[in-house]
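Features reported for this protein in TrEMBL:
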type	residues	note
BINDING	565, 569, 667, 671	Zn(2+) binding site
COILED	733-760	coiled coil
DOMAIN	1-710	domain 'Alanyl-transfer RNA synthetases family profile'
């Protein structure tokens, strides 16, 4: 059974027993900064299981895209070396939120496997938690499983929990006996062995307890079901494959790799086969992550993506794959996924642009990496050491992207080893720092989700002031009954006009006025779905939990934010019209006084395009179009063309912000009533933030007015300095530029005449090998441009020869420049001499056989240094050129 039929059969079966099909959520968990990637099928339903938001339906079924590459589920180092491990995989699952429980879950799983898919019960085994007599009994009575095929395992294998506290429960796994050919051969091999004979294919989690801080388990009032089955594993079983990599999910990619290399895929455990599997896996993960808007970077999720891409390239060296190879493989993968993910095709232009750029960047890293390792090895030997330190390895990895195993390959011939333990410590520190950076506002909010019985009602769309009851107060790490002047606090009320940070828009600021005190609110946040938590400082008096308070949003800041948010929608629409429909939002920041908008585009925007985009937005502002806001069914809104974004989490009912004829987006932010309210719009800057991602910063409304006034004042100041009217500034600058160019030309001519006078004395220092002139000389030179001028003069006086000039550029720097005539390209390449001299001077150098550059520190004795170089070069020249 091919993978598409498996998908369809799974969805069809569970829809037939009352489940609602839920599309795969993003790999980037919407609204959850505590999680790096979606790593299980239950992640999109986490808040439903926690009880902080309602589920989409009492029964759900999904096939969820997942990535595991960090923390507890870090499979990266095993990928490619085992039959089953992947970074990217798809998790099939059925879920019940207080609807059915163990009996139905067991019945559904057994019927699907044995009846729908036709697996023989004789190859199936079941595990249950040691103390779960109920599950063991149900497997016998409901599914008819022989007691001898039901194995009881302990908490490590068969008890699941979301965290140290919260929902948890026993689980039950279904395994396939693949036969003795897959066994480890040990006499003790049985269910629970870590070999491949007994392959787990489905895990049923019976979420029936709530674990408190003391570890005590309390039965949940509405037990739930969470199941997970890997599509790749199930496909390998149904297709009779010995490995997930030999199913229809991977083999076409293997064939595409094979067409690019002369080395075939052997389906075994050799280095070449490992490389095939690593590349195929990482192409799958990288394609989806880039498609969802991620770009390679040196931190967070982008850092993991960069590791995928560079690890694939590292293993490509074992197959001698010609570069670039990732774009073609990514497109082939998109073709394979066209049926389940037809939307993937629309974003592939951006995906291949990002992958090609990163591939090119890493190839340059590999080319420049060897000289760095050589320099560090030389420095270590000079210190009397033979080890590259962990700090040095981390610098090579973090700054230059050089994997440690590549460094090891280069370091061995140089006689140095690696401090891998020290490197591991530095990497651990970085991971901890990265973990802390993902904590977000939810982690800093001290109260658990269970402290709020009903959601906070947001009234900020309709009003900026509201009376409210103060439900919760927190100071420090704990809940308190009252707070006093000077304390930093969190406050939660039953209703709130404060917009909580989200969708790129910052949270509102303002005041909380209590009967006996006043709190300055510095921000509003959403630590859990349905919550609005206010962060602030008590300015005066005492504020007590349970009081009725007055909440007041800062009007001017809210107005600025809503104007900039609407301007962001117009900017997005204008970008798509001018640059193309491939443009998609990759991130945004909406502040009261400016906006920042990141978007997918593979090249810098020209000045003409910026002018066109800015002009289009201002024309739309001038039209005074209404900003229409409505609530719609999500599917209907998307079908009508509304834009949605991967990093946002949407329910069944969505808020649609439409500016007729201009823009339609799903958005929960605050907005202007009409485009005319924006006033004006100016683009301040455009830049690249990562491969395939550009950034625009802009201002609108009152901020744009202030910006224009500042520009006007600066224009008049410049005009005054130039002693012209503002309208003549460009003419004056052009005239001064022409004057400067003439002066620079005359200066250059003067230098050339001076250098011409010095040339004969330099030639007198040269050596002749037959008809070939060899010159090594030291000159005073302010910079490389001076050195090149001197070399240009010498070129005209030497019909055949090689010249290396060492320029004194101060007390602590030497510049090196080498040149040779074409007849010496193969017999006497100057780049080898420049590189050698630079290394002797403690620096670096290189280039081409006929032209090379380098630098370093001054030698202790110029005469000794030049004497040794001249002697070596003369001997080498005589040997290479056959002179006497």
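Glycine too: its Cβ is placed from the backbone N, Cα and C atoms.
The residues near the Zn(2+) site, meaning same-chain residues not in 565, 569, 667, 671 whose C-beta sits within 8 angstroms of the mean position of the site's C-beta atoms, are 562, 566, 568, 627, 657, 665, 669, 670, in sequence order. Within the same chain, residues at least six positions away from residue 671 (Zn(2+) binding site) with a Cβ under 8 Å of its Cβ are 562, 565, 566, 569, 627, 629, 657. Look at the Cβ of each of the binding-site residues 565, 569 and count the other Cβ atoms within 10 Å; the largest number goes with 569. Taking Cβ-Cβ distances under 8 Å and a sequence gap of 6 or more within the same chain, the neighbours of residue 667 (Zn(2+) binding site) are 503, 565, 569, 655, 656, 657. Across all of the domain 'Alanyl-transfer RNA synthetases family profile' (1-710), the predicted model scores a mean pLDDT of 88. DSSP assigns residue 667 (Zn(2+) binding site) to coil in the three-state reduction, outside any helix or strand.
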